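Asks: Here it is: the structure, laid out below.
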Amino acid sequence: MKQLRLEPVVQVRGEINIPGSKSISNRALLLATLAKGTTTLTNLLDSDDIRHMLASLKQLGVEYRLSQNNTVCELIGLGGAISADTAQTLFLGNAGTAMRPLCAALTLGRGEFTLTGEPRMEERPIGDLVDALKQLGANIVYLKNEGFPPLAINATGLNGGDVEIAGDLSSQFLTALLMVAPLAKDSVNIHVKGELVSKPYIDITLALMAQFGVQVINHDYARFEIPAGQQYVSPGKVLVEGDASSASYFLAAGAIKGGEVKVTGVGRLSIQGDVKFADVLEKMGADIEWGDDYIIARGAPLTAVDLDMNHIPDAAMTIATAALFAKGTTTIRNIYNWRIKETDRLAAMATELRKVGALVEEGHDYIQITPPAVLNTAEIDTYNDHRMAMCFSMMAFANCGITINDPDCTSKTFPDYFAQFASLKV
């Protein structure tokens, strides 16, 4: 197993241009596929999740050209649903942002499709989405365990009408349903059951759908009306803004050991909810400065917070390791959906924080972290989870440093993360 040793860092300073957002990249690729016209996507994220989406689209007959560095994609839209004359099996790795939307999109046209992935994907729920699609007439069969991939789709198009979908587990289910609803045979009325988690991710979806010319009537996130007879039309160019979750590590670095760290590609004009991570750092005592497309974090003594972080679950993970450098006990609440991500992130985070000496209480949907007087070095297991690896890079700011096991798992969203992180050292 590969290991990466991070030696203690005294101070950080610098500027990082954040790679494209994973959430926006895969949504935009799918909408461009369903749209009429050719779309040029710039600042596309070059990572495993995006490669799985691109490989699947190519297999389904979608034509596109990628730049040499894979960050510009010119894609010729189908002007409607995806159909296939021969049965297709698509391997989607552990990419939830490809599995969920493609599962929905492939019900719109004609053909037989099988969706598979890595072993962890077979543990990540998809039942709430499948139940909703079945209400609209989709024919989907589970090939192993009820409610989980792999699954088979026999596509004949989607009817419209009323549909209920659970909102309390993952916003990706609602995102997938919203993106396909305009191409159903009749108008679609989506009723959301329970509290909607990760609401800002729905805002990303709605903003992109509007960019591609589709109207959605949002009744306070409890009900969505999507009128029939709409078509996605390419806006020509789509700029993928920087990944706000990825920005969180560099902003935390600035808050803990700045100096001054500036991230570009996200800012006050961002459509991603995870930029609110900077507000949490400010509550902890960091000096934060906002621009339209940048955020600056400057170091200051940090104090603990007790916050509901349901709407920024990915960036909230960074608070868990930043808490090691804050005075007092930090509590992160309402984060049950950490448990259904790339790994059970609540259990994994609690285990690894204890290794470095923190006192940790792990609840059903919360985590409480009290830092020790002196942090210990440790070998951090990353559970094939990119965010675990990046979060624990913060331990470089302890006097003992840290060893990261399997650091290459960051390839899911940020292949050169550790090189960029190293560039901040003074």
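Note: Cβ is positioned from N, Cα and C throughout, glycine not excepted.
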Asks: Given Swiss-Prot annotates LYS22, SER23, ARG27, SER170, SER171, GLN172, SER198, ASN337, LYS341 as 3-phosphoshikimate-binding, which of ASP186, ASP220, ASP308, ASP314 belongs to that site as well?
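Replies: Among ASP186, ASP220, ASP308, ASP314, only ASP314 appears alongside LYS22, SER23, ARG27, SER170, SER171, GLN172, SER198, ASN337, LYS341 as 3-phosphoshikimate-binding in Swiss-Prot.
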Asks: Could you find out if DSSP has ARG124 (phosphoenolpyruvate binding site) as helix, strand or coil?
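Replies: DSSP assigns ARG124 (phosphoenolpyruvate binding site) to coil.
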Asks: Of the recorded positions listed here (ARG124, GLN172, ASP314, ARG387, LYS412), which is spatially closest to ARG27 (3-phosphoshikimate binding site) when Cα positions are compared?
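Replies: Nearest by Cα distance to ARG27 (3-phosphoshikimate binding site): GLN172.
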Asks: Around the recorded phosphoenolpyruvate site, report the further residues of that chain (criterion: Cβ within 8 Å of the mean position of the Cβ atoms of LYS22, GLY96, ARG124, GLN172, ARG345, ARG387, LYS412; site residues excluded), sequence-ordered.
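Replies: Same chain, not in LYS22, GLY96, ARG124, GLN172, ARG345, ARG387, LYS412, Cβ within 8 Å: ASP49, ASN94, ALA95, THR97, ASP314, LYS341, GLU342.
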Asks: How long is the line from the C-alpha of GLY96 (phosphoenolpyruvate binding site) to the C-alpha of LYS22 (3-phosphoshikimate binding site), rounded to the nearest angstrom?
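Replies: Answer for this pair: 11 Å between alpha carbons.
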